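Quick notes on the structure that follows.
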């Protein structure tokens, strides 16, 4: 939720002009009563809005559920190297020293390069469903090729290009759902989308254990090669379906919507961004949103915060390795990965829903991060098998904070669609940069206790919380300034930033 777009006074030398430039949304969303070449013009005054809205949200939620499936495949293809590592992946490709860490890190270099330009392209597309499904098919093919590589350097090149193509999906999906749902609906839907990572970590580990345990030697291929073959092929199958199922934008004719649902979808977004009658319309240029995002210090501040948050959650990339420190064989270690992530998935829904209901974002981020810190401290304190397993359950609570933080970002950068697309992509890119460096937080030489790794994660978490507190305090002062202006001018209460 955002403040009014009128000029706000300065407090302590800080400008409280709204984050976003005002734009003309008539080109983005059809206003009832206006004619359009590609959409019906049914007067919404005669529609039972409540019934139509429930039906619209139900249809949307089914497509978001399919986005979760796509994200599960995205995350499985991103993390399958960690599972392959338990069955001779490093030895077969002759990896030494930190080469596996470099292989993990190089994926996120592609993410860093692609996310921002990809989202700007997506914002100006009529059919984002075809764009995202095409990217998915390409990274599926590259994943299959990963199973055929014979050298470390070939795997390194393929991992880079997998990240390069995969980068389009998550920020693109987040932006896509932000174009359909209102601010108080985004938390739960973002949680639903983001839980794909936790589901992938949970059931991906079970899936990997089945492949690694049953296909070794089939047709002359080792188990880890079959892992890439099977997961890559499944990704391609899902990609073909995605082109038909994923939604496009509300302004694009969608065959799965009735005429009144299409109109209501556009009107809902128009209501979300309209603000008050003081908006001054101006055309939205192609790169205006990107320029605005680059010039807004808050984008960089939140991006740096998510960089630290991503770094503190780097344990997820090496979760099978951490599970293996309890002394079990590869299959059992992978099976033990599932329960902590299942709990993390359940928690993400509860926390995100409660965050939407209460309108609070900051404390719903801090709580899960503190549980993660508790898990790190417990893992440092003992090598006892039971206690270390409990620590994994605590650690998997911290990714819930990332879900709520993404929702907070969409609430804050909500008026200009192009700036929102750019801001989401830039912030996710900075978060990906955290994954690049944090891949080196977990060298084998620091195992099996990984005390140094956990200490770095604790430090990153604490600094992240401090930075988000500063951000929250800034938004609070923006709200106070808006309230003071309204009282002095006798204006009605406008919109406020969520804190």
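Quick reminder: no glycine exception, Cβ is built from N, Cα and C everywhere.
All annotation found in TrEMBL is predicted automatically rather than curated by experts.
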Of 274-294, 421-441, the range TrEMBL labels transmembrane segment: 421-441
Feature transmembrane segment in TrEMBL, mapped to one of the ranges 224-246, 247-269, 477-499: 224-246
Feature contact check the transmembrane segment (299-319) with the transmembrane segment (421-441), CB under 8 Å, 3 or more pairs: yes
Range from 130-150, 156-178, 190-212, 299-319, 453-471 with the greatest count of C-beta pairs under 8 A to the transmembrane segment (224-246): 130-150
Region pair the transmembrane segment (299-319) / the transmembrane segment (130-150), three or more CB pairs under 8 Å: no
Arithmetic mean of per-residue pLDDT over the domain 'Major facilitator superfamily (MFS) profile' (63-476): 84
